[in-house]
Amino acid sequence: MSDLFSFNNKEKKNKIIYTNYSAKDIEVLDGLEPVRKRPGMYIGGTDSNAMHHLVSEVLDNAMDEAVAGFASIIMIKMHQDHSITIFDNGRGIPIDNHPKFPNKSALEVILTTLHSGSKFSNNVYHTAGGLHGVGISVVNALSKHLKIEVYQQGKLYSQSYSKGEKLTDLISTEVSKRLRGTSINFTPDPEIFSETLHFNPKKIYEIARSKAYLYRGVSIEWECEVEVPSDIPKKALINFPNGLKDYLSSKISLDNLVIPEIFSGNIESTMDAIKLEWAICWQNNDTSAFMKSYCNTVPTPQGGTHEQGLKSAILRGLKAYSEMIGNKKSANLTIEDIFETASVVLSVFIVEPSFQGQTKEKLVSNGVSKLVENIIKDHFDHFLSSDKVLATHLLEHVIAISEFRRNKKNERNISRKNATQKLRLPGKLADCTRTSAEGTELFIVEGDSAGGSAKQARNRETQAVLPLWGKVLNVASSTLEKIINNQAIQDLEIALACGSLKNYKKENLRYEKIIIMTDADVDGAHIASLLMTFFFLRMPQLVKEGHLYLAKPPLYRLTQSNKIYYACDEEEKIKLTYKLSKTSKAKIEVGRFKGLGEMMPAQLKETTMHPEKRSLLKVTLEDVQNVDKIVDDLMGKKPEKRFQFIYEQALVKMDQIINKLDI
């Protein structure tokens, strides 16, 4: 443990900058009283995300020491009691008395006073990530227990707090002069965050990894004493020599790239007072595209001026390259076209950043956009000119997206029930007559046979039927080009008229319920899985809003004494057969439907389509990350993941069977 607190110049490649750092550098702006009363104003709420935000705040302070060149090692430890310890081997928080508060140490002022810290002045930190002095005092106010230890000039200074109040005076003991840094151990207050909330090891580990990616010169030592998921180590040294390029490589499938190169760079400009790092790649489909940005190691999920600069640079670069090779199709390119399938990670370090809101989710600093744009544009021009084959391939990729977008826009501009101009709907669609979407339903069926029965069984005013031609495409393992050119997907998107992905507009959705109606057998379940995958990856908002349903057509028809009964699956058939045999000794005849097309329209209406007699399964989307993993495992490109998923589910099913048999 003591090694962590040691400072060794040989371990540190970056130059250490020694400056005078004392109590006079700590500025005081305000008090701490409002924090416990209104925590949401400072950390965005009192839920699990807000609680984990406390870890980010303490870690940001440690990262600031590293970014400023004063620390090379950071440690994060999650203890058995669910408390967290974060340590950095930096200079240590000043412990001498503060000029404005002669009876208080600077350490106590920082921990008990809102808006106190050294980050308001450029003399100590040129770039800072914590909440400008708010961070550690807010963590203290919202912690049941907090203990801070400072190693400085051969002494260990320690002090304990609870709910923002001091429990002990500053205590000092003699230690080795080699030890330096700050250690903070804290436990969130259950009165604020609920007793059932505990830190999630996976979440904290990912926070630590993201910080290590952002500053390649820092090593973060991770240790967890509580039980962790199989994909999270108990102990690890987190260090990424290639920074954001390493991060992006770990998040994408390298065999699914439009061009086999990641466009990345790492630039520091003393003249412009900016440090900039980025990594961008383009994938063959947009199902896993993402954009993450940071300013001074703080996540900016709502983007801001740094993202605007990057986007403008890439747009300008591609248009300039297109003009150079004489391709006129780039004239209509937009930022949305270029970043439709792009995954991006961006990090900037600047002096005195300006953010929107207390929790810093959007960067609004003036001048940053142009700086970022100019730097990245120069490097992107060189990237494109260095390999014209790859550059042309990338250009053709984004132009195809642009043309598809413009075609979809033209289709969306056509009103669904406009009396003077009819929508160019798919030829196989049997639309309903009601002009508004309220109370209407679209049944998606496979093939003309099932479509014919469904069209005869429907309520023409409120129910539409769309038979899909050919094989339904698995969008999880298909390129964007295949998705765009697939006839079944084109028909479906045109019929719904709501657009997909970033172009989704719920007000344009033409039906209130979208009902997947497939055969009740294994083949039907496979088709339903493909369609659900399509909706999850292309129209997740539609699923979240509760528009997607699965029909439950019968697989079996049971007849006894001229009475007809229906069963959806084998288990229901067995139960129904047993029940009928108990009530009557009459013979039971069992028939199995080969598909929806074999059913008479009256039967289909009675069992599957009549709103008062049918059963529907509503498809919901709650744990998005888990669903995303399942879709990737089961429907993605890698067969080994699919095999493992099926194998694990088979084991679960076998256990259920064994339990039922009581073996």
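Backbone N, Cα and C define each Cβ position, glycine as well.
Per Swiss-Prot, the features are:
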type    : residues                                                                            : note
BINDING : Tyr21, Asn61, Asp88, Gly130, Leu131, His132, Gly133, Val134, Gly135, Ile136, Lys360 : ATP binding site
DOMAIN  : 440-554                                                                             : domain 'Toprim'
BINDING : Glu446, Asp519                                                                      : Mg(2+) 1 binding site
SITE    : Lys471                                                                              : site 'Interaction with DNA'
SITE    : Asn474                                                                              : site 'Interaction with DNA'
BINDING : Asp519, Asp521                                                                      : Mg(2+) 2 binding site
SITE    : His526                                                                              : site 'Interaction with DNA'
SITE    : Arg642                                                                              : site 'Interaction with DNA'
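Taking Cα separation as the measure, Asp88 (ATP binding site) is nearest to Arg642 of the recorded positions Glu446, Asp521, His526, Arg642.
On the 0 to 100 pLDDT scale, the domain 'Toprim' (440-554) averages 89 in the predicted structure. It is Lys471, among the recorded positions Lys360, Lys471, His526, Arg642, whose Cβ has the fewest other Cβ atoms within 10 Å in the structure shown.
Local packing around the Cβ, expressed as the count of other Cβ atoms within 10 angstroms, is greatest for Asp88 among the binding-site residues Asp88, Glu446, Asp519, Asp521. In the three-state DSSP reading, Asp88 (ATP binding site) counts as strand. Considering only the recorded positions Gly135, Asp521, His526, the residue whose Cα is spatially closest to the Cα of Lys471 (site 'Interaction with DNA') is His526.
A distance of 14 Å separates the Cα atom of Asn474 (site 'Interaction with DNA') from that of Arg642 (site 'Interaction with DNA').
Mapped onto DSSP helix, strand and coil, the domain 'Toprim' (440-554) counts 58 helix, 20 strand, 37 coil. When the binding-site residues Gly135, Lys360, Glu446, Asp519, Asp521 are ranked by how far their Cα is from the Cα of Arg642 (site 'Interaction with DNA'), Asp521 comes first. Counting other CB atoms no more than 10 Å from each candidate's CB, the recorded positions Gly135, Asn474 peak at Gly135.
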